[in-house]
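Chemist: Below you will find the structure I want to go over with you.
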Amino acid sequence: VLSPADKTNIKAAWDKVGAHAGDYGAEALERMFLSFPTTKTYFPHFDLSHGSAQVKGHGKKVGDALGNAVAHMDDLPGALSALSDLHAYKLRVDPVNFKLLSHCLLVTLACHLPGEFTPAIHASLDKFLASVSTVLVSKYR
């Protein structure tokens, strides 16, 4: 459960992300593909090379979805219901991949926001991404 302090931290961090959400999403995906090569199996139709338009496009989707989740932190299941359905029923993504992408997102944010990425912000973002992951895998059961 996200505390009021967590919510404040998450909103403050996401305000710093701002218009870079898509770029950071794409960078996190690239990190995930490089660090965890098995995740590439879900993107056989993508050009996974550095800076590819397809990775950038999917990174924007990731960034937009997270922005939507930040805006609806008090109703993550409602805000992410369609994405949960898509990943569980159509794409059939292994739930562990959400944790891997979350880790890569944290690394990416730490690289781009070193002054703002305090231990408290890190902890709040980690809890938030874990909550998002939990919602995304909720339809698997």
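Residue positions begin at 1 at the first shown residue.
Cβ atoms are placed via backbone N, Cα and C, with glycine included.
Bear in mind that the values here come from a model prediction, so they are computed numbers and not experimental data.
Feature table excerpt (Swiss-Prot):
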- 1-141: domain 'Globin' (DOMAIN)
- Ser3: phosphoserine (MOD_RES)
- Lys7: N6-succinyllysine (MOD_RES)
- Thr8: phosphothreonine (MOD_RES)
- Lys11: N6-succinyllysine (MOD_RES)
- Lys16: N6-succinyllysine (MOD_RES)
- Lys16: N6-acetyllysine (MOD_RES)
- Tyr24: phosphotyrosine (MOD_RES)
- Ser35: phosphoserine (MOD_RES)
- Lys40: N6-succinyllysine (MOD_RES)
- Ser49: phosphoserine (MOD_RES)
- His58: O2 binding site (BINDING)
- His87: heme b binding site (BINDING)
- Ser102: phosphoserine (MOD_RES)
- Thr108: phosphothreonine (MOD_RES)
- Ser124: phosphoserine (MOD_RES)
- Ser131: phosphoserine (MOD_RES)
- Thr134: phosphothreonine (MOD_RES)
- Ser138: phosphoserine (MOD_RES)
Chemist: How many Å separate the Cα atoms of Ser102 (phosphoserine) and Thr134 (phosphothreonine)?
Modeler: 11
Chemist: Starting from the Cα of Ser3 (phosphoserine), work out which of the recorded positions (Lys16, His87, Thr108, Ser124) are within 10 Å.
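Modeler: The recorded positions close to Ser3 (phosphoserine) (Cα within 10 Å), listed in sequence order, are Ser124.
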Chemist: Using C-alpha atoms, which one of the recorded positions Lys7, Ser35, His87 comes nearest to Ser49 (phosphoserine)?
Modeler: Ser35
Chemist: Roughly how many Å separate the Cα of Lys16 (N6-succinyllysine) from that of Tyr24 (phosphotyrosine), to the nearest whole number?
Modeler: 12
Chemist: What is the nearest of the modified residues Tyr24, Thr108, Ser138 to Ser35 (phosphoserine), using the Cα of each?
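Modeler: Checking each of Tyr24, Thr108, Ser138 against Ser35 (phosphoserine), the shortest Cα distance is to Thr108.
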Chemist: Sort the modified residues Thr8, Lys11, Ser124 by C-alpha distance from Thr134 (phosphothreonine) and give me just the closest.
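Modeler: That would be Ser124, nearest by Cα distance.
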Chemist: If you skip the near sequence neighbours and keep only those at least six away, which residues in the chain come within under 8 angstroms of Ser124 (phosphoserine), Cβ to Cβ?
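Modeler: The list for Ser124 (phosphoserine) reads Leu2, Ala5, Asp6, Lys7, Asn9, Ile10, Ala13, given in order along the sequence.
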Chemist: For the modified residues listed here, Ser3, Ser131, Ser138, which shows the highest count of neighbouring CB atoms within 10 A?
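Modeler: That would be Ser131, with the most Cβ atoms nearby.
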Chemist: If you count Cβ atoms within 10 Å of the Cβ of the residue listed as 'heme b binding site', leaving out that atom itself, what do you get?
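Modeler: The answer is 21.
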Chemist: What does the structure give for the C-alpha distance between Ser131 (phosphoserine) and Thr108 (phosphothreonine)? Integer Å is fine.
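Modeler: On Cα coordinates alone, these residues lie 19 Å apart.
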Chemist: Taking the Cβ of Thr108 (phosphothreonine) as the centre, count every other Cβ atom within 10 Å, in any protein chain shown.
Modeler: 23
Chemist: List which of the recorded positions Thr8, Lys40, His87 have their Cα within 10 Å of the Cα of the residue listed as 'phosphotyrosine', in sequence order.
Modeler: none
Chemist: Express the predicted model's confidence over the domain 'Globin' (1-141) as a mean pLDDT, rounded to an integer.
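Modeler: Across the domain 'Globin' (1-141), the average pLDDT comes out at 96.
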